[in-house]
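The feature transmembrane segment is assigned by Swiss-Prot to 33-53, 77-98, 113-133, 178-198, 226-246, 288-308, 320-340, 347-367. Summarising the annotation, Swiss-Prot assigns heme b b562 binding site to HIS83, HIS182. Residues or ranges marked as heme b b566 binding site in Swiss-Prot: HIS97, HIS196. Summarising the annotation, Swiss-Prot assigns ubiquinone binding site to HIS201 and lists similarity to another entry as the type of evidence.
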Amino acid sequence: MTIMRKSHPLFKIVNHAFIDLPTPPNISGLWNFGSLLGMCLILQILTGLFLAMHYTSDTLTAFSSVTHICRDVNYGWLIRYMHANGASLFFICLYIHIARGIYYGSYLYKETWNVGILLLFLTMATAFVGYVLPWGQMSFWGATVITNLLSAIPYVGQDLVEWIWGGFSVDKATLTRFFAFHFILPFIIAALAMVHLLFLHETGSNNPLGIVSDYDKIPFHPYYTVKDFLGVILLLLMFLTLVLFFPDKLGDPDNYMPANPLNTPPHIKPEWYFLFAYAILRSIPNKLGGVIALVLSILILALLPYLHTSNQRSMTFRPLSQSLFWVLISDLFLLTWIGGQPVEPPFIIIGQLASILYFLIILILMPIAGLIENKLLKW
């Protein structure tokens, strides 16, 4: 008699995905972040569901309802702070996951990579509309500034902005539809994550050496279930430390003031995880140019499979590419810092140089480094 997990139509799917899945024996802790992202998504959906039970998406009561959650609902403060800081945790895992994909050449699995880019865009959209919901000062002005960027699109721009706003400014209609988007998008993300996994299991996982490991595989369970569980424990430990001791560390103090269309905050900026893109947007003194640069800063990831010139997949044995990779990471940290600074010298020129370097490394320097390394291998 066959084991139930191998014969039952439903359990069979789970078995092939998480139990008997053949996995390379040498994948490092950096491969944990896929499962950690799954954990983050579940955490966000659950906490978000409980918040939605008490939240009201009306401009007059939204801010008060969030205050009510924190003050009057049982453990409401905990749920609210877990949800708010859970977004930061999500993006930390997301950025490490992408960085690992770039470092080890995982982008050569084109379908998996492209679905991943779509997931990134959807996650960014979800985080953006979610940030508007508390209806604080930064929520309101962030929504106004970012949605207004669409007006840079020739011919249809202004109509598009008014269509998204549901009127002639960010108001009740905008808040209601943003709440609807924020509720539905995570479920679309969950469905796409399944597609992401489906494409990954078609090819099998990559590994740190970037070589074919078909002849040497081990089952996912118990080896990697235990390893993933360790990652979950460590991440939850750090997460709960942040939530319980420093809940407002990553937030903006301006968002504790109710939205006021007549009073602009001194410095409008998004959450920390969007600052690098915001710095790239601001580095071009032209509205349309800035919007194009902003979109390209993420969309450029789709070009990576076509810009891969090296004979080796992974950067493990490629010192030139490694150096450029770490310069790119440093550049992103620099852009994140610049995004949080006011638009004044010397920050303007630093932001412009960092933005140029970002595109230069990905589009020109990394492919050249790959070609040089190919030559060095022949010597």
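The backbone N, Cα and C atoms fix where each Cβ goes, glycine too.
Computed from a predicted structure; not experimentally measured.
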Counting distance between Cα atoms, which of the binding-site residues HIS83, HIS97, HIS182 is nearest HIS201 (ubiquinone binding site)?
-> HIS97
Cβ distance under 8 Å to HIS83 (heme b b562 binding site), same chain, sequence separation 6 or more: which residues?
-> GLN44, THR47, GLY48, LEU51
Taking the transmembrane segment (77-98) as the first stretch and the transmembrane segment (226-246) as the second, find out whether 3 or more Cβ pairs fall under 8 Å, excluding pairs closer than 6 in sequence.
-> yes
C-alpha spacing of HIS182 (heme b b562 binding site) relative to HIS97 (heme b b566 binding site), in angstrom = 23
Fewest C-beta neighbours within 10 angstroms among the binding-site residues HIS97, HIS196, HIS201 belongs to HIS201
Determine whether the transmembrane segment (113-133) and the transmembrane segment (178-198) share at least three Cβ pairs under 8 Å, counting only pairs 6 or more apart in sequence.
-> yes
Same-chain residues at least 6 apart in sequence with Cβ under 8 Å of the Cβ of HIS182 (heme b b562 binding site), in sequence order, are GLY48, THR126, VAL129, GLY130, LEU133
Who are the chain neighbours of the transmembrane segment (33-53) in space, where the CB to CB distance is under 8 Å and they lie at least 6 residues beyond its ends?
-> 69, 79-80, 82-83, 86-87, 89-90, 93-94, 96-97, 100, 182-183, 186-187, 189-190, 193, 228, 231-232, 235
